[in-house]
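Novice: Questions regarding the structure given below will be posed in turn.
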Amino acid sequence: MIFQNTLEFAQQLDNQDELKEYKNEFIFPQHEGKNVIYFTGNSLGLQPKSARNYVDEVMNDWANLAVEGHFYADKPWWDYQERFANPLSKIVGAKPLEVTVMNTLTVNLHLLMVSFYRPTKKRYKIICEEKAFPSDQYMFQSQVNFHGYKPEDAIVEIKRREGEHNIRLEDILSKIEAVGDELALVLFGGVNYYTGQVFDMKTITEAGHKQGAKVGFDLAHAAGNIKLELHDWNVDFAAWCSYKYMNSGPGNASGCFVHEKHHSDSNLPRFAGWWGHNKERRFKMEPTFDPVHGADGWQISNLPILSLAPYLASVEMFAEVGIEKLIRKRNQITAYLEFILHEIDKEVKGHFEILTPTNQEERACQLSVFLHGEGRSLFDYLMKNGVVTDWREPNVIRLAPVPLYCSFEDMYNFGQILKKGILEN
């Protein structure tokens, strides 16, 4: 398709958009009586209008049933997480018994590393991406320290080549091969939070397994954003947060994936708690742990139902829409945003460059724009003019045109505001 930088063309794309009605299913912050242009679904998704009803349902059950709500609520609390199995499995490409909801993202990665990072004197190294999200970096360092190794030796970061913004797949694969039988774990982000680069998880998993290592992924910026096939890719484990593209609310519960090949491995260590115990015998208060078969067996504590309620509202919307439709629009609207940025660059050369790969297979719903010069003033200008973007040091504005609630007209209007902001700043 040949794009045009006109309001009429953007509105034409909106008229053809198969997801256009979903924009009305979300609540937008307001600027001068109008919806803001919201580009920060990669940080915190908007609130679905249905979320309040799901929360109110739990509040009413709590008020009217109190403790009996565990078994007699409309959606009984004791097995509330089971409602997530089917929709989440479709979002991440898994079998329903391979996914669960619990805790928050870094907590879950720590718990999964109990099972899948089992260093020995010979095999103890972790391979990760350079400039992973800081919480992952702290996790790696603390895990390595806990096991008695030195981070500068045990953590191997794959770096970008000089003058390049993204990590080459060939460099990842060659490093995995070079570390070889010293490699205990490969743990990458599915999508790099800073650049928006999508990693080839299937190929990375195959390479890690070839060296005898376990392979996992932090899917914070991938779940609900890209096509995932965790089961078929043979990924050992993964975790994600739900408050970005999955719109569950600030700091809300995480999700986990554990491949079914590990479910019956009695030698696999894990930290245990009563909510991971055999569901049929959970309330018999037995002294010996008998894990639930499947990813639910990694649960530890009773689940926060009030937090899960808006999460359930969101995943049920995802089930209604389907990941294929989301990806079709994501590709088109991200490409249109990229086109708008290039059109502006023709007029105001040298003010910015896009760090994110141009190849659609290597990016998702994010364009990271590096600003030359004093970028913070431009960011502030956008915010003051009703464009909510995300600032990341050094000098990057991240733009996430989330397909469920961003429109093509939003992209056009953003371009007009951005151009004016550059010229005025």
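Each residue, glycine too, has its Cβ placed from N, Cα and C.
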Novice: Have a look through Tyr117, Tyr149, Tyr243 and flag the one Swiss-Prot assigns to the pyridoxal 5'-phosphate site that Leu105, Thr106, Phe133, Pro134, Ser135, Asp136, Asp218, His221, Trp274, Asn302 belong to.
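Specialist: Swiss-Prot names Tyr243 for this pyridoxal 5'-phosphate site.
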Novice: In sequence order, which same-chain residues at least six apart have a C-beta under 8 angstroms from Leu105 (pyridoxal 5'-phosphate binding site)?
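Specialist: Listed in sequence order, they are Ser135, Asp218, Ala220, Ala239, Trp240, Cys241, Ser254.
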Novice: How far is it from Lys244 (N6-(pyridoxal phosphate)lysine) to Phe133 (pyridoxal 5'-phosphate binding site), counting Cα to Cα, in Å?
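Specialist: Cα to Cα, Lys244 (N6-(pyridoxal phosphate)lysine) and Phe133 (pyridoxal 5'-phosphate binding site) are separated by 14 Å.
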Novice: For Phe133 (pyridoxal 5'-phosphate binding site), which residues in the same chain are close in space, meaning a Cβ under 8 Å from its Cβ, but six or more apart along the sequence?
Specialist: Gly189, Tyr193, Asp218, Ala220
Novice: Using a 10 Å radius around its CB, how many other CB atoms surround Asp218 (pyridoxal 5'-phosphate binding site)?
Specialist: 28
Novice: Return the count of C-beta atoms lying within 10 angstroms of the C-beta of Asn302 (pyridoxal 5'-phosphate binding site), excluding that atom itself.
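Specialist: Taking every protein chain into account, the count is 12.
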